[in-house]
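Novice: The repeat 'WD' annotation in TrEMBL covers 56-97, 101-142, 144-185, 187-228, 230-264, 646-678, 691-732, 734-775, 776-817, 819-851, 862-903, 905-946 (among others). Taken from TrEMBL, the feature domain 'Protein kinase' applies to 364-634. Here TrEMBL flags 944-969 as region 'Disordered'. According to TrEMBL, the feature compositional bias 'Acidic residues' maps to 951-963.
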Amino acid sequence: MHISCFTNTQFPLEGQKGTIYSIVFSPDGKSVVSGSSEKTVCIWDVDNLSPIGGLLRGHTSAVTSVSYSPLGDTIASGSWDGTVRLWNPNTGCQIGQALVMKGIDADINSIAFSPSGKLVASGSDERIVQLWDLHTMNPVADPFEGHSYLVSSVVFTPDETRIVSGSYDKTIRIWGIERGATVVGPIAAHTQGIRSVCISHDGSQIISGSDDHSLRLWDPRSGEMIGNSFEGHTLWVCSVSLSPNGIYAASGSGDKTVRVWDVRMCRQIGEAFKQHTDIVNSVAFSPCGKRVASCSYDETIKLWDILIGDSTSNHGSNSVFEDVQFLETRVWEPINQHMSVQDMFDLLIRHGCTNLSSEIDTNHNNAILVSGGGFGDIRKGKLRSGGKIAIKTWRATLIEQYDYKTLKRATREIYYWSKMKHENIHQLMGVVVYMGQSLGMVSAWMENGNLHEYLGKCPSANRYQLSLQVASGLAYIHSKDLVHGDIKALNVLVSFDGTAKLTDFGLSTMAGSSIGFSATSTAQAGSIRWVAPELLLEDSDKGKSSDVYALGMTILEIFTGTVPYYPECPRDFQVLLAIQQGILPTRPTNQLPEDAKGNRAWYLLEKCWGREPDTRPLAEEVRDSWPPEDNACFDTKERGVCTSLSEGHTGAVSSVAFSPDGSSIISGSHDRTVCIWDPLHSSQTLIGEPFRGHTDNINSVSYSPVGNIIASGSDDRNIRLWDAITGKQLSEPLTDHTNNINSVTFSPNGSLLASGSRDRTVRLWDVQSMALLDSLKDHSSVVCSVAFFPDSTRIASGSGDKKIRIWDIEHRTTSVETIKGHKKYVRSVAVSPDGSQIVSGSDDNIVRLWDCRSRMIIGNPYEGHTDFVLSVSFHPNGTYVASGSSDKEIRIWDVRMGRQVDEPFKEHTDSVFSVVFSPCGTRIASGSYDEKVIIRNIFSNDSEEAHESEASDPFESEQEGAEDAAPVKQSRHMVSTYLLFYN
């Protein structure tokens, strides 16, 4: 097998937008059709790489599956809106009415035409396979039932007598169409859910792809596995496709790769195709077998030619992918040196950056110049709403100096920066044309300044925690396959609540270009102290490993308060000489003492400064292996001792929440009061008097992001807002709900409040005006829990209807995405800090983790609780989940491993209603029907023996010692230190 090469092709600008979920070739191979998250179907000409006609519109939710009829005269599409629609590919018009299963709310995951073109099969979330007669446009008989979880993939056998289905219940079933029953199977050999099935053209083989990372080949007559499983993918296999001759298979995976396999040999051919930058959702062979198409979450369709020879002699070639063509669904126009500031601005807006022109006085007579540099200026301004902002500008005269390649890379990175949503990334809010002559990048103003300024003002700041936050931000950037390129303390800002946020992402490309921003901003003049040796001595390109080197130097800055190599090398040439000689910075023993924690931190820093790039850890490894925060605020001698308070709650404690800075805890109770506690002193005292005003049980409490407002929701159907300092109510109660209020939460930006109620609605409130903005009504039962996404644009809700819904509130629409899987009430939901995952707890006694984009479960359910799971909470770094249950226990789960960490906490004597991690991540607070609030230290580093030996290398390879390579578990010892607040 070998690949033919293509010349460069100008990509089209117009086309589909959004994630591409499904792609398939037409029978003549001249076009491909794709389905998108933006609810559209698009037909593409594969020769000139352009859309044919307009987008096919009609679905009201994401199009998850598309299929061509055998004659190519009809296209079918299936959607999460529960419908199958038929289209005329020549006119773009819909054929007849949508196919809908009456009385069944079933998201469609897969559709397929029969070989005769007379039937369509669909697989859905409701665990059924449905057959449709295209002559009558009605279902054929009853649905095929047997799967115990959602049906992810369906395909007809070539003789049209059977249907093959794959399911998340880990089985494949072969159904007899006439009998309407399973005739072979269930075939159960995969260890996790099956996402895709495909049958060979002669009907002799079935191939499947699974969440267990493997592909498997099956005999459809016996249901027996053929040969060995196909191993190579490192994450779930989303899609499989067999070549027309049945000799080769293509697969797309969550690991962002496409791989080609020799079915006869059960092995991969050459190297994986790695040009996608996100999950590969679908792959398809062309009818001639000489092309493969793939589509991805990166919003692209990619197409390449493969020339399959008769010889297998070149199976050992280095790569089967030498070149590739693209059908870009969101691509970049050519950038040239003649583009004006307005042209660049318009380009960014067309590609999804937010236009803040209407929110800002672009003349900015009131903006204050804060600093100036070679590439532009930074000003402090205000939004029209009053919010403080920073405006970074590129001067028009400077833009004219850059070559078009540099401008193209920089503009693309600005776009990527605008899409980054993470608590440790200084988010780009949008762009403006500033004073008619500069491109302005707008972000929130950080009152605490950069890390150097913040540490000067707050010398007692937790430096271990700041270091962890910087590592977390970099790990997030690297998870997007991007490079920062200029990490140092000056490029880390600190928010009002002391959170470190990486900034200046998107400017690194220009910083490293041939034209420097300023005389001291290039790697060789000003940033030399943070630059990896290979960049200084070998003229290499910036990459993830050089970022990690700079991360180590930045962490050193955090502890010392000075630049690296100071004071031992006061001049830059001395630093360069030290680097050439392999001399590392001197350990600051005053700030990093030679104890277990300091030794661990210094060991990690030395790993970051490895001479060879491939010896350095990944940013996520630094994050996950970093020593936990010091728990000195607790007296370790008092571990296990329960302290009785002089006054507290006299009813069940239904909800607890930490303040943003972790200095206080609020609790809501069935005694109708809200209490504030001081958890940082040994007396664990109640702060002030309880807040009184509700006339029935309080079910939920929440702190605003600034910590100045407390919200509470009650069975009295009211929401009350309180001044956190004075305890006074800030307004009249919010009274629009018509039944008990179960959950309230503030948006991360502090402007919104969401509430969930027994009246089956999620309501959205404006915090400033106290006005009701929207009432979201798609749940069919009580809403138990609501949670905002980190970017404040979406809400997740869990309900008694067993479903989780994701609401788009940014555009004030009621369009929702639905997640199904629990068998009983969904009592609690929480969104991960990076917004990529949802965790849920249910009356089915199970905790589940979900991928927010695919709406699929991640791994296996977390099982261990023996009664209802009433509350779940993410750790601030997203790697752990806590759950509280009616079984009186609290459990902690490692989301990376998908398993429980240590033994459950069993201090409560009745149902645990609420659990929450502290902002620093080292404590858990819980509230229970036993009228107590309990706080536990969950990490300690007082086990010296775990750190005295350096035999355990956190980056040791599996071959070198898999049994010992568990740095996080060894360095973070779960303990049950706890304090109790009760009467």
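Each Cβ is built from the backbone N, Cα and C atoms, and glycine gets one as well.
Would you situate these features in the structure and describe their surroundings?
Specialist: Through the fold, the repeat 'WD' (56-97) approaches residues 18-19, 21-28, 31, 33-43, 104-113, 115-117, 120, 122, 124, 132, 134, 137, 815, 817-818, 855 of its own chain, all at least 6 residues removed from its boundaries and within a Cβ separation under 8 Å.
If you look at the repeat 'WD' (101-142), the same-chain residues 6 or more away from its ends with a CB under 8 A from one of its CBs are 61, 64-71, 74, 76-84, 86, 148-156, 158-160, 163, 165, 167, 169, 175, 177, 180, 818, 820.
Secondary structure by DSSP for the repeat 'WD' (144-185): 0 helix, 25 strand, 17 coil.
Using a Cβ-Cβ cut-off under 8 Å and counting only residues 6 or more beyond its ends in the same chain, the repeat 'WD' (187-228) has close neighbours at 149, 152-159, 162, 164-174, 234-242, 244-246, 249, 251, 253, 261, 263, 266, 856-857, 859-860.
With DSSP classes pooled into helix, strand and coil, the tally for the repeat 'WD' (230-264) is 0 helix, 18 strand, 17 coil.
Note on the repeat 'WD' (646-678): residues 497-498, 684-688, 690-692, 694-703, 705-707, 710, 712, 714, 722, 724, 910, 913-920, 923, 925-933, 935, 981-983 of its chain, located 6 or more positions outside it, place their CB under 8 angstroms from a CB of the stretch.
Long-range contacts of the repeat 'WD' (691-732) within the same chain, counting only residues at least 6 positions beyond its ends with a Cβ under 8 Å from a Cβ of the stretch, are 496-497, 651-652, 654-661, 666-670, 672-676, 738-750, 753, 755, 757, 765, 767, 770.
Across the residues of the repeat 'WD' (734-775), the predicted structure has a mean pLDDT of 91.
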Novice: Going by DSSP assignments with H, G and I as helix and E and B as strand, what are the residue counts for the repeat 'WD' (646-678)?
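Specialist: Tallied per class, the repeat 'WD' (646-678) gives 0 helix, 16 strand, 17 coil.
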Novice: Would you kindly list the residues that approach the repeat 'WD' (144-185) from elsewhere in its chain, counting only those six or more residues past its ends and only Cβ-Cβ distances under 8 Å?
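Specialist: Sequence-distant neighbours of the repeat 'WD' (144-185): 109-116, 119, 121-131, 191-199, 201-203, 206, 208, 210, 218, 220-223, 820-821, 856-857.
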Novice: What does DSSP give as the helix, strand and coil breakdown of the repeat 'WD' (56-97)?
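Specialist: Summed by class, the stretch gives 0 helix, 22 strand, 20 coil.
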